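Visitor: Quick paste from Swiss-Prot:
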type    : residues                     : note
BINDING : Cys43, Cys44, Cys108, Cys139 : [4Fe-4S] cluster binding site
Amino acid sequence: MNSIKFPVLDRTTKNSVISTTLNDLSNWSELSSLWPLLYGTSCCFIEFASLIGSRFDFDRYGLVPRSSPRQADLILTAGTVTMKMAPSLVRLYEQMPEPKYVIAMGACTITGGMFSTDSYSTVRGVDKLIPVDVYLPGCPPKPEAVIDAITKLRKKIAREIYKDRIRPQQGNRCFTTNHKFFVVRSPHTGNYDQELLYPPSSTSEISTETFFKYKSPVSSHELVN
């Protein structure tokens with residue numbers, strides 16, 4: 001067999017011989033053995049935990065949960081991500097070997113969800129921190145939807161090119177921008193407002209003469225009427 005040219009197959013080739021390429025072989029081995037790192041922070045992770053049971057049995061897809069990012073090639077984020085958790089999430093992603101993939105599960109992970117409304121400590125989408133391959137909306141998504149997302153990721157891996165996959169992804173990674181915070185005085189400090197105790201000089205004042213001029217005793221009959 002010539003290592004430079006493609007082998008010539010004829011009708012005499014046995015059925016047990018499989019002709020393929022290195023790219024397809026690499027993609028097949030990758031999609032058949034996805035080892036996920038479960039990054040669950042909220043209620044969406046409970047739905048993913050139901051996949052471990054015998055009803056859905058996610059082991060048939062070759063998914064083996066790992067506790068170390070150095071042994072995982074898929075990170076599944078489920079739940080709200082806060083500003084304090086953002087550096088930890090990015091660090092876990094950086095520790096994963098190439099090639100690596102990300103599934104964003106749930107509305108809180110994709111857009112921040114209801115926790116992002118008037119919140120200064122919630123990240124409005126993990127795609128501002130790490131690149132996301134598959135978005136899985138829902139609050140929370142059903143286990144069937146998680147299986148569908150894994151199937152779509154497997155199809156994406158099957159269409160990848162080997163050279164593009166092993167290429168470092170330093171230029172394609174996106175990180176969160178620096179958020180500018182402004183110091184605002186809290187109205188509930190337990191202290192009296194100085195403006196109420198000491199009104200500004202621009203406030204109109206009543207002179208002493210005017211005060212005593214209109215000050216007169218009022219009878220009870222006038223109060224009743």
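Using the three backbone atoms N, Cα and C, a Cβ is placed for every residue, glycine included.
Set these features in their place in the structure for me.
Guide: Packing around Cys139 ([4Fe-4S] cluster binding site) is summarised by its Cβ count: 11 other Cβ atoms lie within 10 angstroms of its Cβ, all protein chains included.
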Visitor: Just name the most isolated of the binding-site residues Cys43, Cys44, Cys108, going by other Cβ atoms within 10 Å of its Cβ.
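Guide: It is Cys43 that, of the binding-site residues Cys43, Cys44, Cys108, has the fewest other Cβ atoms within 10 Å.
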Visitor: Would you identify the secondary structure of Cys108 ([4Fe-4S] cluster binding site) according to DSSP, in three states?
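Guide: DSSP assigns Cys108 ([4Fe-4S] cluster binding site) to helix.
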